[in-house]
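A.B. asks: Swiss-Prot lists these features:
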- 61: N-linked glycosylation site (CARBOHYD)
- 70-94: repeat 'LRR 1' (REPEAT)
- 95-120: repeat 'LRR 2' (REPEAT)
- 109: N-linked glycosylation site (CARBOHYD)
- 120: N-linked glycosylation site (CARBOHYD)
- 122-144: repeat 'LRR 3' (REPEAT)
- 128: N-linked glycosylation site (CARBOHYD)
- 145-168: repeat 'LRR 4' (REPEAT)
- 167: N-linked glycosylation site (CARBOHYD)
- 170-194: repeat 'LRR 5' (REPEAT)
- 217: N-linked glycosylation site (CARBOHYD)
- 241: N-linked glycosylation site (CARBOHYD)
- 269: N-linked glycosylation site (CARBOHYD)
- 301: N-linked glycosylation site (CARBOHYD)
- 341-363: repeat 'LRR 12' (REPEAT)
- 365-386: repeat 'LRR 13' (REPEAT)
- 412-435: repeat 'LRR 15' (REPEAT)
- 437: N-linked glycosylation site (CARBOHYD)
- 460-483: repeat 'LRR 17' (REPEAT)
- 484-507: repeat 'LRR 18' (REPEAT)
- 508-531: repeat 'LRR 19' (REPEAT)
- 527: N-linked glycosylation site (CARBOHYD)
- 533-554: repeat 'LRR 20' (REPEAT)
- 537: N-linked glycosylation site (CARBOHYD)
- 593-613: transmembrane segment (TRANSMEM)
- 614-966: topological domain 'Cytoplasmic' (TOPO_DOM)
- 662, 663, 664, 665, 666, 667, 668, 669, 670, 684: ATP binding site (BINDING)
- 937-966: region 'Disordered' (REGION)
């Protein structure tokens with residue numbers, strides 16, 4: 001029987017063999033056609049060696065091509081070849097045996113449709129389309145049962161996330177990072193099917209809702225990244241079942257709440273943990289700090305309490321510890337860093353106390369040491385002098401005592417040393433001359449004594465030097481004039497004596513020079529007038545002799561007050577009641593008398609002529625009388641100038657007429673004034689005291705407070721902060737002279753229809769405003785809080801670059817009782833942070849909230865308070881009701897803007913939502929906002945910065961460490 005059927009088996013085998021050969025032959029014949037299609041539609045040097053028209057060509061030798069034994073293509077890897085153009089459709093119709101398709105890091109046409117045919121590749125195991133920047137919807141992957149690797153990161157996919165992926169049970173690597181244009185979607189319970197998955201990378205891809213408990217079934221996971229999404233609720237304790245996990249990234253999910261699960265401490269292979277910028281509460285589990293392989297622990301910007309577990313000090317692997325902006329108490333582990341290769345430590349803005357850890361840089365690798373704004377006590381350990389790798393050393397605003405170690409001041413790579421606001425004593429170490437890379441040195445408000453060492457001049461990269469409010473004595477070293485990059489020199493509030501060195505005139509980059517409240521004697525060097533721009537304060541010293549004429553004409557006379565032996569030189573052409581005229585030698589007096597007679601005669605003749613003209617021009621008498629009034633009122637003004645600008649103060653006063661009014665605001669009336677030089681300035685006449693019966697003493701107090709604020713504003717130098725030229729003050733009126741902004745303010749541009757701002761311009765405005773506020777918050781000490789961020793206080797120059805205006809003025813005007821558009825506090829309804837409305841206490845996070853409202857204005861085109869939001873609604877509440885669906889998100893966007901901008905606008909909206917969180921600690925800092933907005937730069941826009949890496953590597957640290965503590 002078997003022999004009888006044998007011929008049929010032979011025939012069947014022969015048929016199948018020939019069929020396979022025929023199929024292979026047919027497929028092999030189709031392959032050249034697809035290579036020709038690729039050659040014709042893709043462009044790049046890498047394909048120049050593809051000779052597709054030669055009949056004898058072996059395609060298997062082409063770049064990126066691999067074949068099996070029958071010559072059938074199995075791998076097509078064109079990654080990183082800088083190709084452009086269109087990838088042809090139907091790749092698997094031509095390559096049916098294809099196992100690997102990698103097209104990552106190319107510049108393919110965004111509208112390419114080839115992706116829709118990919119599910120036909122039933123044998124495909126590895127699909128990589130990362131950083132191709134494709135658009136459109138994603139296909140159904142359910143038929144691709146062989147798929148092991150899928151990487152669709154850094155694209156612009158829209159529509160629904162393909163949940164069918166979670167049925168591909170052989171999947172090992174899943175990456176959809178940075179797809180912010182997808183619809184909001186929730187991680188399904190079916191994720192538990194992916195038991196072979198080692199990498200789940202779903203950062204910034206519109207995930208929302210809770211993290212499912214079933215995620216605990218993915219026991220093969222090595223890397224779990226869900227950062228930058230809208231996840232909410234508590235972190236499930238089942239994550240503690242992921243025994244192979246090495247990296248856990250959940251940061252920037254600001255609706256995550258609850259405590260950190262103790263069970264995470266079960267993950268003995270875990271190396272990196274980042275759950276920053278969320279709403280976590282409770283303490284840091286000891287079990288986490290005891291993990292044997294922990295390298296990175298970042299939990300900053302939460303509401304964590306309690307002490308830092310002592311077990312963290314025993315770690316042998318810890319490199320980066322970032323816990324800033326929490327409510328942590330107690331002491332740092334005393335042995336922190338003694339056994340581990342620490343690179344960065346930032347525990348700033350907590351309530352930590354006790355001594356600083358002595359051996360934190362024992363490994364010799366520490367780059368960043370930041371412990372600002374805590375309650376640390378004791379001295380700075382001598383061992384810190386051996387931290388030769390340090391780049392930033394910031395211990396400001398603590399309770400440190402003792403002397404400054406020589407070694408700390410001679411660190412060869414350090415760029416910032418910040419010791420301000422402590423109780424440090426002793427001299428400035430001479431070793432400061434060895435800090436060749438030092439750019440910023442802050443030592444203000446300590447008890448430092450001795451002299452300023454001349455070795456300081458060796459630190460030629462210094463840009464900022466603040467030694468104010470100490471007990472320094474002796475002369476100002478002439479060698480300071482060698483610090484040619486210096487733009488801030490503050491020595492105020494010491495016991496410095498001798499004369500002001502002429503060499504200071506070499507500091508051509510200087511913006512701020514404050515030598516006030518010392519014991520300086522002698523004359524003021526005439527050549528100091530060469531410093532441009534100038535903000536000078538020499539008040540409260542023992543200076544004598546004439547004030548340089550150029551400084552008088554620059555309106556800087558007030559900067560020399562409380563120097564009773566100073567005088568006004570006759571050549572100044574005017575006198576100031578605060579200073580006497582300088583006495584002239586006898587010979588010059590006689591000559592002066594002759595000149596006085598000649599001038600008197602000239603004035604008499606001129607008076608006769610004027611009288612005649614007035615008789616003939618009686619119709620202009622009212623105007624002339626007004627001029628006389630202005631002229632007389634001029635002498636009642638105090639004038640303070642902050643920049644060199646050529647104008648006669650009388651010009652300003654004469655131009656304050658109705659026809660020059662360009663706007664009214666909560667703080668006053670704004671005039672456009674064209675000077676004789678042709679330059680145009682803006683003059684803001686601040687609202688005067690509303691209570692006319694107020695005591696003169698009260699008025700003087702308020703004016704003094706305003707003057708203090710204005711002098712601070714006048715010292716500011718930043719491209720996104722409006723330049724304040726001058727300030728006029730009297731008991732009844734205050735004038736601010738600003739640079740003129742020809743395109744008005746942002747409110748008018750957005751809401752009055754004067755101009756159409758495309759998204760790219762709006763984004764530019766948002767970044768500029770954020771950079772200006774970041775400067776006020778993070779680059780000044782102490783920080784300046786604006787208190788009244790709103791679109792009317794954002795001015796636009798000729799190129800629509802934004803300039804922040806009116807910062808610091810609001811709180812003084814509130815005391816005057818006249819700011820009609822503000823609430824009881826400084827600030828404007830619709831822009832006020834919720835906690836400010838309750839507590840009346842302004843913080844930098846209040847400014848962040850107000851900026852978030854402005855950003856929403858830019859994105860939606862709507863006003864902060866509008867009837868379209870319904871009863872008791874504002875723009876923040878309205879947006880919060882729309883973000884649960886993709887349709888809702890689209891509905892919030894300004895309909896006047898092009899469809900192509902929607903994705904970029906949604907990216908920016910995510911930033912605005914973070915800024916307007918009701919919990920202040922959840923809001924990012926303005927430095928972080930700048931980075932977030934730069935990351936959201938419209939496609940094709942300027943390359944403002946490189947993309948941040950999504951993981952912490954050995955060679956880098958968090959954005960906060962590298963960018964925000966400046």
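The backbone N, Cα and C atoms fix where each Cβ goes, and this holds for glycine too.
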A.B. asks: Mind checking which of 61, 120, 437, 537 has the fewest other CB atoms within 10 A of its CB? They're the glycosylation sites.
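C.D. replies: The glycosylation sites 61, 120, 437, 537 were compared, and 61 has the fewest Cβ atoms within 10 Å.
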A.B. asks: Should residue 167 (N-linked glycosylation site) be counted as helix, strand, or coil on the basis of DSSP?
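C.D. replies: For residue 167 (N-linked glycosylation site) - judged by DSSP and reduced to three states - the answer is helix.
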A.B. asks: When you measure from the Cβ of residue 301 (N-linked glycosylation site), which residues in the chain that are at least 6 apart have a Cβ under 8 Å away?
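C.D. replies: In sequence order, the residues whose Cβ lies under 8 Å from that of residue 301 (N-linked glycosylation site) (at least 6 apart) are 276, 277, 278, 324, 325, 326, 921, 922, 924.
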A.B. asks: If you run the three-state DSSP split on residue 670 (ATP binding site), which class comes out?
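C.D. replies: Note: residue 670 (ATP binding site) is in a strand by DSSP.
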A.B. asks: 662, 670: which of these binding-site residues has the highest Cβ count within 10 Å of its own Cβ?
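C.D. replies: Comparing the binding-site residues 662, 670, the most crowded Cβ belongs to 670.
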A.B. asks: Who are the chain neighbours of the repeat 'LRR 4' (145-168) in space, where the CB to CB distance is under 8 Å and they lie at least 6 residues beyond its ends?
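C.D. replies: For the repeat 'LRR 4' (145-168), the far contacts come to 99, 104, 110, 122-139, 174-179, 181-183, 185, 188, 190-191, 193-194, 201, 205-206, 903, 939.
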A.B. asks: By DSSP, how many residues in the repeat 'LRR 17' (460-483) are helix, how many strand, and how many coil?
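C.D. replies: For that range the per-state counts are 5 helix, 7 strand, 12 coil.
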A.B. asks: In angstrom units, rounded to an integer, how far apart are the Cα atoms of residue 167 (N-linked glycosylation site) and residue 217 (N-linked glycosylation site)?
C.D. replies: 14
A.B. asks: Please report how many Å separate the Cα atom of residue 120 (N-linked glycosylation site) from that of residue 61 (N-linked glycosylation site), as a whole number.
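C.D. replies: Distance (Cα to Cα, whole Å): 25 Å.
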A.B. asks: I need the most crowded of these recorded positions: 167, 241, 527, 668. Count other C-beta atoms within 10 angstroms of each C-beta and give me the top one.
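C.D. replies: Within the set of recorded positions, the most crowded position is 668.
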A.B. asks: I need the CA-to-CA distance for residue 61 (N-linked glycosylation site) versus residue 662 (ATP binding site), whole Å please.
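C.D. replies: Given the Cα positions, residue 61 (N-linked glycosylation site) is 72 Å from residue 662 (ATP binding site).
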A.B. asks: Specify the count of other C-beta atoms within 10 Å of the C-beta of residue 109 (N-linked glycosylation site).
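C.D. replies: Other Cβ atoms found within 10 Å: 17.
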A.B. asks: Long-range neighbours only, meaning 6 or more apart in sequence with Cβ under 8 Å: which ones does residue 217 (N-linked glycosylation site) have?
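C.D. replies: For residue 217 (N-linked glycosylation site), the qualifying residues are 192, 195, 241.
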